[in-house]
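A.B. asks: I'd like to ask some things about the structure below.
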Amino acid sequence: MAKSVAIGIDLGTTYSCVGVFQHGKVEIIANDQGNRTTPSYVAFTDTERLIGDAAKNQVALNPQNTVFDAKRLIGRKFGDPVVQADMKHWPFRVINDGDKPKVQVSYKGETKAFYPEEISSMVLTKMKEIAEAYLGHPVSNAVITVPAYFNDSQRQATKDAGVIAGLNVLRIINEPTAAAIAYGLDRTGKGERNVLIFDLGGGTFDVSILTIDDGIFEVKATAGDTHLGGEDFDNRLVNHFVEEFKRKHKKDISQNKRAVRRLRTACERAKRTLSSSTQASLEIDSLFEGIDFYTSITRARFEELCSDLFRSTLEPVEKALRDAKLDKAQIHDLVLVGGSTRIPKVQKLLQDFFNGRDLNKSINPDEAVAYGAAVQAAILMGDKSENVQDLLLLDVAPLSLGLETAGGVMTALIKRNSTIPTKQTQIFTTYSDNQPGVLIQVYEGERAMTRDNNLLGRFELSGIPPAPRGVPQIEVTFDIDANGILNVTATDKSTGKANKITITNDKGRLSKEEIERMVQEAEKYKAEDEIQRERVSAKNALESYAFNMKSAVEDEGLKGKISEADKKKVLDKCQEVISWLDANTLAEKDEFEHKRKELEQVCNPIISGLYQGAGGPGAGGFGAQAPKGGSGSGPTIEEVD
């Protein structure tokens with residue numbers, strides 16, 4: 001019996017790819033057509049079901065029953081605006097089944113409806129068969145990749161698709177992380193390197209920043225757009241030619257699904273041509289009502305049609321840099337992943353953004369993700385080859401995790417972007433005397449108050465022996481494993497009594513948009529808070545400086561050392577500033593600083609004359625008010641200093 005191998009599958013929106021790690025290297029496996037990537041297409045006909053190239057090749061003849069883009073539906077609700085928007089572009093029907101989308105097709109003369117998981121499982125089955133044909137024996141273990149931005153229901157649904165395909169899914173990993181592994185094996189150089197992975201595929205766009213150091217990968221930040229890719233560029237071309245056809249032939253082909261599909265196929269081909277040539281021609285015989293459509297498009301025109309989409313790829317790059325707290329000069333390597341990164345304009349924008357830095361194209365952008373997934377699969381199967389042995393992969397928690405303490409405050413134990421797996425422990429105590437139990441409420445989010453964050457779960461720890469407030473010691477541990485499953489345990493140290501909750505990441509968690517929104521909101525509020533803090537400290541500094549100066553010149557010990565004229569000058573100016581402060585408590589930071597400069601110009605020459613080089617009394621800011629005790633409502637648990 002051959003030792004069991006595991007495969008790595010890049011389940012793409014438009015194309016999928018499979019690899020296997022054996023004999024110390026990765027093989028990307030070609031399908032029966034000799035192609036190393038396989039279209040993520042499934043077609044249903046009167047006689048059979050087709051998957052991959054065979055499905056894509058007959059799409060123009062059978063558009064209603066050829067399903068693609070299942071990845072855009074997987075793990076989403078029917079009412080999701082993304083689903084609603086995409087449905088307009090699809091020639092196949094999507095129906096609503098209890099707010100779950102299903103694809104309706106005609107198969108062997110019957111109407112059938114499939115869940116997105118089922119469609120994806122058919123593609124996964126095809127990838128599994130491609131690997132089995134190459135290896136010559138059955139394969140069941142696999143690592144499957146998803147975009148970094150997939151939320152938990154999308155990840156879970158992808159895992160379900162694997163199970164439906166008869167795979168034992170060892171792990172779901174992020175596509176950029178997989179690409180980084182592929183890259184890491186190629187680069188064994190010493191020292192820490194920051195790598196930015198720019199993955200623009202058929203359907204999703206991900207930017208990730210990783211630190212690679214001595215075989216250890218750490219994901220520092222991820223950003224992107226679950227809805228940007230090669231297909232969006234195809235759509236722009238399709239719309240352009242639909243308009244051109246209207247102008248030339250006074251006919252609207254947009255309602256004819258077969259015509260649009262044939263046009264789209266020609267557009268995709270033209271787009272690929274434009275990556276290597278500056279012009280591409282389209283020749284479609286009898287496109288609509290017997291009219292032949294012969295036309296051409298230049299690279300410049302294509303770039304113009306997609307200019308806003310191309311430019312929008314830089315925003316997530318900036319966001320990822322911000323999240324990773326890195327400057328663009330600190331990125332050592334830029335890695336291109338995904339077929340759309342072959343577009344010269346996209347490469348140029350990225351290169352210009354990084355001030356002419358060379359891009360790394362050594363990895364075939366279509367295969368990098370499957371390559372890394374295959375390596376990860378080998379690691380999880382315990383492959384002992386030295387290429388793989390010292391490779392470690394660290395993922396991150398997308399949001400901070402913590403619990404509610406007195407007054408509804410969010411106390412984070414695990415910070416956003418912390419490397420997982422991780423374990424954090426903190427001691428808490430009771431809020432009132434003889435409190436018999438505590439309610440542990442677990443939240444995720446970036447805001448200061450729990451009411452603005454997302455409640456993941458709660459549990460009681462009861463049976464705490466009567467004691468004054470602040471005496472009992474309750475140890476709370478947050479433990480996240482490599483799959484992102486969170487265990488929260490609370491233990492009363494005096495009795496050893498414990499209770500716990502396991503929060504799996506499959507149901508009712510936040511979507512990418514919500515995570516994004518919460519992070520953005522938190523960033524926005526954080527910026528507002530920062531401005532407010534600076535304003536208050538400028539006001540306090542001015543106020544204390546004015547009062548210090550006032551008391552300095554009124555000091556009995558200075559009698560005779562300061563002329564009455566100077567004294568009056570300082571006191572009048574101080575009084576003017578104090579009155580201005582009373583009238584302008586809400587002034588901006590700049591105004592407070594400006595007033596202080598004015599006051600210093602009057603006071604400094606006089607005061608420094610007095611103290612001969614000794615600095616005058618410093619302007620100590622007033623300390624912030626101590627926070628008030630938390631309200632009596634809410635879980636009565638308090639953080640121990």
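Here the Cβ of each residue, glycine as well, is placed from N, Cα and C on the backbone.
Pasting the relevant annotations from Swiss-Prot:
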type    : residues                                : note
MOD_RES : Ala2                                    : N-acetylalanine
REGION  : 2-386                                   : region 'Nucleotide-binding domain (NBD)'
BINDING : 12-15, Lys71, 202-204, 268-275, 339-342 : ATP binding site
MOD_RES : Lys77                                   : N6-acetyllysine
MOD_RES : Lys108                                  : N6-acetyllysine
MOD_RES : Lys246                                  : N6-acetyllysine
MOD_RES : Lys348                                  : N6-acetyllysine
MOD_RES : Arg469                                  : omega-N-methylarginine
MOD_RES : Lys561                                  : N6,N6-dimethyllysine
MOD_RES : Lys561                                  : N6,N6,N6-trimethyllysine
REGION  : 617-641                                 : region 'Disordered'
MOD_RES : Ser631                                  : phosphoserine
MOD_RES : Ser633                                  : phosphoserine
MOD_RES : Thr636                                  : phosphothreonine
A.B. asks: Give me the Cα-Cα distance between Lys246 (N6-acetyllysine) and Gly12 (ATP binding site), rounded to a whole Å.
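C.D. replies: Checking the Cα atoms of Lys246 (N6-acetyllysine) and Gly12 (ATP binding site) gives a distance of 34 Å.
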A.B. asks: Nearest by CA distance to Gly12 (ATP binding site): which of the modified residues is it, out of Lys108, Lys348, Arg469, Lys561?
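C.D. replies: Closest recorded candidate to Gly12 (ATP binding site) by Cα: Lys348.
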A.B. asks: Just to confirm: which same-chain residues, 6+ apart in sequence, have a Cβ under 8 Å from the Cβ of Gly203 (ATP binding site)?
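C.D. replies: Gly203 (ATP binding site) has long-range Cβ partners Gly12, Thr13, Thr14, Asp69, Lys71, Arg72, His227, Gly229, Gly230, Glu231.
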A.B. asks: Look up Arg272 (ATP binding site) in the DSSP assignment and reduce it to helix, strand or coil.
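C.D. replies: DSSP call for Arg272 (ATP binding site): helix.
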A.B. asks: How many Å separate the Cα atoms of Ser275 (ATP binding site) and Lys561 (N6,N6-dimethyllysine)?
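C.D. replies: If we compare the Cα positions of Ser275 (ATP binding site) and Lys561 (N6,N6-dimethyllysine), the gap is 82 Å.
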A.B. asks: With every protein chain in view, what's the tally of Cβ atoms within 10 Å of the Cβ of Gly12 (ATP binding site), excluding that atom itself?
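C.D. replies: Counting Cβ neighbours of Gly12 (ATP binding site) within 10 Å gives 27.
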A.B. asks: Would you mind pulling the DSSP three-state label for Tyr15 (ATP binding site)?
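C.D. replies: In the DSSP reduction, Tyr15 (ATP binding site) maps to strand.
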A.B. asks: Among the binding-site residues listed here (Arg269, Arg272, Thr341), which has the Cα closest to the Cα of Arg469 (omega-N-methylarginine)?
C.D. replies: Thr341
A.B. asks: Looking at the modified residues Lys77, Lys348, Lys561, which has the shortest Cα distance to Lys108 (N6-acetyllysine)?
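C.D. replies: That would be Lys77, the closest of Lys77, Lys348, Lys561 to Lys108 (N6-acetyllysine).
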A.B. asks: How many other Cβ atoms are found within 10 Å of the Cβ atom of Arg272 (ATP binding site), counting all protein chains shown?
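C.D. replies: 15, counting other Cβ atoms within 10 Å of Arg272 (ATP binding site).
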A.B. asks: How big is the Cα-to-Cα gap, in Å, between Tyr15 (ATP binding site) and Lys77 (N6-acetyllysine)?
C.D. replies: 23
A.B. asks: Looking at the binding-site residues Arg269, Arg272, Thr341, whose Cα is closest in space to that of Lys348 (N6-acetyllysine)?
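C.D. replies: Closest by Cα: Thr341.
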A.B. asks: Tell me the Cα distance separating Lys77 (N6-acetyllysine) from Thr341 (ATP binding site), rounded to the nearest angstrom.
C.D. replies: 30
A.B. asks: State the Cα to Cα distance, in Å, between Lys561 (N6,N6-dimethyllysine) and Lys77 (N6-acetyllysine), rounded to an integer.
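C.D. replies: That separation, Cα to Cα, works out to 81 Å.
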